[in-house]
């Protein structure tokens, strides 16, 4: 039995800080396994790794989890000092999404201490900030829980029932390679023209990566760029747009070397997980906000396998991926209480 508010706050601060101290940009999630295994043991939870490298912290009856609290172990690149200042935690992933992950682990512990009637787990997935291999593995193996709460920052009062889709286009341009005094245009010039035409054509397009050149006095023969676009329309419309954009690049001696698409997701507020989250927030005296988030998450993938899915978590999403990521310990605790209550509601509904 969990004994006091001070005890829970202490657990939240220590757990979250331990997670933040381990730098885990996409591809290095295994660094977090020893920390998660130690905390699982301390909190009386089971611990295992699946074939994709996803971490599973389990509670309740044996078997595949019926209810899953799904977070991710990776962060975007960019090391930040992990520290606790007063009651605020700072560090890479404080908001996206180790703060929510800590809240989910604590929430599972709280629910388990009261007794869970169904198999439940925190699933720490790999590669969410990349191509979501952890989520795709769950779906392809048929191991997706019946009810899923995705742990992403929603301000602690938001229930996200949708995410936009994402279209990523890799562009490669060629041009004259030689001395910069040569009048012939290099690949970088071609790339600038190509990107200008894309940005003029569609305001949703954003250039996220550029690579060209080796020296100030050499025009590069090859230049690369990545363009990302978020959208609400059906994925087939986005693919048609990508095809048109790529066709238009040939006049600039450029082409699309790859196109990747993540479809948008929009679930019903009446699904069991969303209803349980709303009920838990209201019980806690919080007025729920129903939101459709502007980015993407593993919810875009996992929604293929279940309709009972929604996202919720502590933290200001505006701080995600910034150098100012921070989260209050109290917000982690409040979210843990919401997760715990939601787990109980969903288990009791079976």
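Heads up, the Cβ atoms here are built off N, Cα and C, so glycines get one too.
Taken from Swiss-Prot as is:
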ACT_SITE  74  active site
ACT_SITE  128  active site, proton acceptor
BINDING   72, 96, 152  Zn(2+) 1 binding site
BINDING   96, 129, 321  Zn(2+) 2 binding site
Message = With an 8 Å cut-off on Cβ distance to the 72, 96, 152 Cβ center, who else from the chain surrounds the Zn(2+) 1 site?
response = 71, 97, 100, 101, 128, 129, 151, 153, 297, 313, 320
Query = So which one is it: of the recorded positions 74, 128, 152, which has the fewest other Cβ atoms within 10 Å?
reply = 74
Message = Please report the Cα separation of residue 129 (Zn(2+) 2 binding site) and residue 74 (active site) in Å, rounded to an integer.
response = 7
Task = Could you check what DSSP calls residue 128 (active site, proton acceptor) once collapsed to helix, strand or coil?
result = coil
Fewest other Cβ within 10 angstroms of its own Cβ, chosen from the binding-site residues 96, 129 = 129
Message = Between residue 321 (Zn(2+) 2 binding site) and the residue listed as 'active site, proton acceptor', how many Å separate their Cα atoms?
response = 13
Inquiry  = Test of understanding: give the count of other CB atoms lying within 10 angstroms of the CB of residue 321 (Zn(2+) 2 binding site).
reply    = 17
Request  = Could you find out if DSSP has residue 96 (Zn(2+) 1 binding site) as helix, strand or coil?
outcome  = coil
Query = Nearest to residue 128 (active site, proton acceptor) in three-dimensional space, by Cα, is which of the binding-site residues 72, 96, 152?
reply = 72
Ask   = How many Å lie between the Cα of residue 74 (active site) and the Cα of residue 152 (Zn(2+) 1 binding site)?
value = 13
CB contacts for residue 72 (Zn(2+) 1 binding site) [other CB atoms within 10 A, all chains] = 32
Inquiry  = So, three-state DSSP: helix, strand or coil for residue 72 (Zn(2+) 1 binding site)?
reply    = strand
